[in-house]
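A.B. asks: From TrEMBL, for reference:
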BINDING   B:G151, B:R152, B:S153, B:T217  NADP(+) binding site
DOMAIN    B:3-106  domain 'Tetrahydrofolate dehydrogenase/cyclohydrolase catalytic'
DOMAIN    B:125-266  domain 'Tetrahydrofolate dehydrogenase/cyclohydrolase NAD(P)-binding'
Protein chains: 2
Amino acid sequence: MRRGVHAEAAALTLLGVAPRLAVVVATADEGAGWYVRSLSGAARRVGVECEVVDLGPDAAPELIGATLARLSSDDTVHGIILQTPLPDGARVEELAASIVPEKDVDGANPLSAGRLAAGLAAYPPATAAAVLELLDHHGVELAGRSAVVVGRSLVVGKPTAQLLLQRDATVGICHRHTKDLAEHTRTADVLVVAVGRIGLIRAEHVADGAVVVDVGTNTAPDGSLVGDVDAVDVARRPGALTPVPGGVGPVTTALLLAHTVRSARAHV
Amino acid sequence: MRRGVHAEAAALTLLGVAPRLAVVVATADEGAGWYVRSLSGAARRVGVECEVVDLGPDAAPELIGATLARLSSDDTVHGIILQTPLPDGARVEELAASIVPEKDVDGANPLSAGRLAAGLAAYPPATAAAVLELLDHHGVELAGRSAVVVGRSLVVGKPTAQLLLQRDATVGICHRHTKDLAEHTRTADVLVVAVGRIGLIRAEHVADGAVVVDVGTNTAPDGSLVGDVDAVDVARRPGALTPVPGGVGPVTTALLLAHTVRSARAHV
């Protein structure tokens, strides 16, 4: 996919519409900083301009909203991301309403979520889209199969469930209140885990032959990046598991850039 | 609930803000006609004015959208419903975007759905809200329990799943592509059925002690109104089943009126 995005970005640039992504940051969080640098690097490599608008960790919600509104009406910007975490008192789901849906490449505006549920054109959150992209890439059939999503966050769990439902899977959604998690997850042909807890999913949670997509990104005590799935334990089961790091993360980045380029096409 | 709405509507009327619901109709469908008359009657009984704006079965989508926009900016209107079915070429999820969220008492605007998913203030579709109202009225516990919704429509299945998830139920969503429906539905402590198929759910689909909410409204060969659940067969199981007619239908109507009155309060 990335090669296609690179070629398309180059062609658009030749036509005078250089694809441009704006990332609004209002945090000193280290993980967020690492992620934004990684995204900027990936953007540069495929020929997408990436503008980081750093408002500082004490930015008022009003300033963040006004910045998103300004970027929304800036014709040279084609994609807008509001990086989390945000300062106290700022809520991403409220502020993201200031991102026009055409530039909402990470599907953060509630209107994008609603349009997605209604089957209308909208960008889904890139992480959720990445889960589907991975499943499609590996030819995993979804229609009529049982898919279970563990986690119900606005950015991953809920939209992933929505996308799986659109693809005719029978969908279950589990979370911290679920009693006997393993009983539910063991019914899954496709298991998507997006909670943020190391070792949450072990062999006993997984059916033989199930495909497991690990969306978790946790920092292990030794500083390494690990998912929610105990990969060593789950490897005892015949089936497939996406790795962390790798897996969903890089595909998410690629999709954010692909969405930005798609949005830029509308300006040719 | 209805008595409270009646008293509140009377008080608002005394204050010069007579609660008013506008129903936009563009169909000659008999069922729709029956429903709108029933809604008008219920509105009159609780002191809510109900204005039916009949655009005729050949109304152009542009006219429907313009009418919704006009009613949205009319200060004397507090609730707006777009009745289905619509003429060919008109899509409710596109047109409903012209209903401002504050008056979107049946949660038809995709923005309302997105705000609901994001946990922001919004009216859910009244039928979905009615399912929860019924469960609450009967003291059915939801947190940590297994709830299965059969049907994934935009007006009932999807928003009901959303509301059950908000209430910390573990939620499953089944539909026509689900293989072995009974295997899924038998895991449910709470089973909500909203498909529109007579006799879809029988005793074999229901666990002992499960609560079954039947949202189906079908016309039987003898002309009577029946749900999706074979009530006689399911009665062999110990548990509870909401009746059709009765059950969800009247509660839905009551909630539409309650939403309209709540919206009118903002104008005092």
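Just so it is clear, glycine is given a Cβ too, placed from its N, Cα and C backbone atoms.
Those TrEMBL annotations? Automatic predictions, nothing curated.
A quick note: this is a predicted structure, and the numbers were derived from the prediction, not measured.
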A.B. asks: Which residue counts does DSSP yield for the domain 'Tetrahydrofolate dehydrogenase/cyclohydrolase catalytic' (B:3-106) in the helix, strand and coil classes, in that order?
C.D. replies: 51 helix, 16 strand, 37 coil
A.B. asks: Taking the Cβ of B:S153 (NADP(+) binding site) as the reference point, list residues of the same chain whose Cβ is under 8 angstroms away and which are at least six residues distant in sequence.
C.D. replies: B:A194
A.B. asks: I'm checking region-level scores; what's the whole-number mean pLDDT for the domain 'Tetrahydrofolate dehydrogenase/cyclohydrolase NAD(P)-binding' (B:125-266)?
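C.D. replies: Result for the domain 'Tetrahydrofolate dehydrogenase/cyclohydrolase NAD(P)-binding' (B:125-266): average pLDDT 95.
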A.B. asks: To see if you understand the setup: which same-chain residues, six or more apart in sequence, place their Cβ under 8 Å from that of B:G151 (NADP(+) binding site)?
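C.D. replies: The list for B:G151 (NADP(+) binding site) reads B:G157, B:C174, B:H175, B:V193, B:A194, B:V195, B:G196, B:V215, given in order along the sequence.
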A.B. asks: Taking chain A as the partner, extract the binding-site residues from B:G151, B:R152, B:T217 whose Cβ is under 8 Å from a partner Cβ; order them by sequence and answer 'none' if none remain.
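C.D. replies: Cβ contacts with chain A under 8 Å: B:R152.
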A.B. asks: Starting from the Cβ of B:R152 (NADP(+) binding site), draw a 10 Å sphere and report how many other Cβ atoms land inside it.
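C.D. replies: That number is 25.
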A.B. asks: Could you measure the widest C-alpha to C-alpha distance across B:G151, B:R152, B:S153, B:T217, the residues recorded as binding NADP(+), and give it to a whole number of angstrom?
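C.D. replies: Greatest Cα separation within the listed binding residues comes to 16 Å.
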A.B. asks: Are there any residues in the same chain, six or more apart in sequence, whose C-beta is under 8 angstroms from the C-beta of B:T217 (NADP(+) binding site), and if so which?
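C.D. replies: Looking at Cβ-Cβ distances below 8 Å from B:T217 (NADP(+) binding site), excluding near sequence neighbours, one finds B:G196, B:L225, B:G227, B:V244, B:P245, B:G249.
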A.B. asks: For the domain 'Tetrahydrofolate dehydrogenase/cyclohydrolase NAD(P)-binding' (B:125-266), jot down how many residues DSSP puts in helix, in strand and in coil.
C.D. replies: 52 helix, 26 strand, 64 coil
